[in-house]
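Data first, discussion second: the structure below is written as structure tokens.
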Amino acid sequence: VNYAPFTLLPSTVPRALFEQAYAVQQDFNLLVDAISQNKEFLEHTLASTVKVDDFTARLFRIHVQVLEEGLAQSVFLGINRSDYMFDCGVDGTPALKQIEINTIAASFGGLTSRTAAVHGQVLKVLGKSEEVSRLLPNNPASGLASGIAKAWELYGSPSAVVMFLVEEIQRNIFDQRCIENELWNRNIRVIRRRFRDVFEKGSLDGARRLYMDGQEVAVVYYREGYVPKNYDQQNWEPRLLLERSRAVKCPDIATQLAGTKKVQQELSRPGTLERLLPGRPEAVARIRATFAGLYSLDMGEEGDKIAAMAIADPERFVLKPQREGGGNNLYGEELRQVLEKIRDSPERTSYILMDKIKPQPAPNYLLRAHSPLRVSECISELGIFGVYIRQGKEMVMNEAAGHLLRTKATEHADGGVAAGVAVLDTPFLV
């Protein structure tokens, strides 16, 4: 057991951008939910990706299969986290730019609920008690748990349990325990199971209610299943079983697909947001204001031009595959080499290209187990947690549920806390 890594001091965040990120979160919740219900949009958007990316293709096949059978699920719970950086443009004015939106296993809602207290303590020791009062209270663990609890209640079976679907080896267990304990405090029973357990002991009854070890499951909360290595041949079977069930999946497979990078790139095309959120021009404007430049590498003249542009000036861009969990993106020379190798192959359609965001670095100390203490030039990434619940066609909950600030040394191009690069932080608004 190691302590979770964190910054010694809270990092400054522009207040206006922090408030902008919170203000747009309900819009992003609505957008993710709209995408998940739009089979044609997902099919059209992912058409080129599923041909070359086996993982996305398998998820998509399950999505199609459950739709053809008819959805047994009527309550839909989304827990997502929209991540941003502060881009200092040509004139040096910081702007909020979205990196990505995570729609499955969005983590650190638990540990970040404890981080502000740690920084408050550090500031007190340093004699900065006036600054302590400027740290914001933040409890995503409670916000995420209230979403799960509401979905459990709407499922309508008081004896049913919430199942956390977890990995074989769980490094991030304490983060999950924070949310789990919040549910126990509301007298909701929680079980923790792996795909393997579902394969061996999961079953559906005639009404497609899900049972694990004889207990009815109301909500399946995925903390795994977002990268190819989470699946062997056996694990695809329980994933299909879970998706076919009446249980509330967080997320259901359509919502997981809504979080793919290819969807993110498609959303930046003119007119796409308007089609997905008709009659909501203010929401569309708020969302669009956060977009960085995103480019398609589909086969054809447009994609050829984009690939050539990136090869010529690789420092301007980031190359992103359809993967969650951090540590997958390509930069600089590595980006150029990969693109040169796949520029004429359909394989390039499994990536998207994005403008590289250039934040203003600031010094801080990154505290990590077994790591020497030294001051580093650091950049931060702000995540806002969103929770929504739809029952049938009606939105019964839509809120921002707290924030997460992660900070890393500038020498690391990519990677989050779980990838061992970033550390937990607290915003100090300026």
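Every residue gets a Cβ built from N, Cα and C, even glycine.
Curation plays no part in TrEMBL annotations; they are all automatic predictions.
What TrEMBL lists as substrate binding site is ARG81, 104-107, 170-172, GLN176, 223-226, ARG406, 417-418.
Over all protein chains present, the Cβ of GLU100 (Mg(2+) binding site) has 19 other Cβ atoms lying within 10 Å. Annotation comment: TrEMBL describes GLU100, ASN102, GLU324 as Mg(2+) binding site.
Here TrEMBL flags GLU100, LYS261, 320-329, TYR331, 354-357, GLU381, LYS408, ASP414 as ATP binding site.
Annotated domain 'Glutathione synthase substrate-binding' per TrEMBL: 160-258, in sequence order. On the 0 to 100 pLDDT scale, the domain 'Glutathione synthase substrate-binding' (160-258) averages 96 in the predicted structure.
Of the recorded residues, ARG81 (substrate binding site) and ASN102 (Mg(2+) binding site) place their C-alpha atoms 5 Å from one another. ARG171 (substrate binding site) sits 24 Å from PRO321 (ATP binding site), taking the Cα positions as reference.
When the binding-site residues ALA105, SER107, GLN176, TYR226, TYR331, LYS408 are screened for a C-alpha within 10 angstroms of the C-alpha of GLU324 (Mg(2+) binding site), the residues that qualify, in sequence order, are ALA105, TYR226. Reported as a whole number, the C-alpha separation between LYS408 (ATP binding site) and ALA105 (substrate binding site) equals 21 Å. For the binding-site residues ARG171, LYS356, the largest tally of other C-beta atoms within 10 A is found at LYS356.
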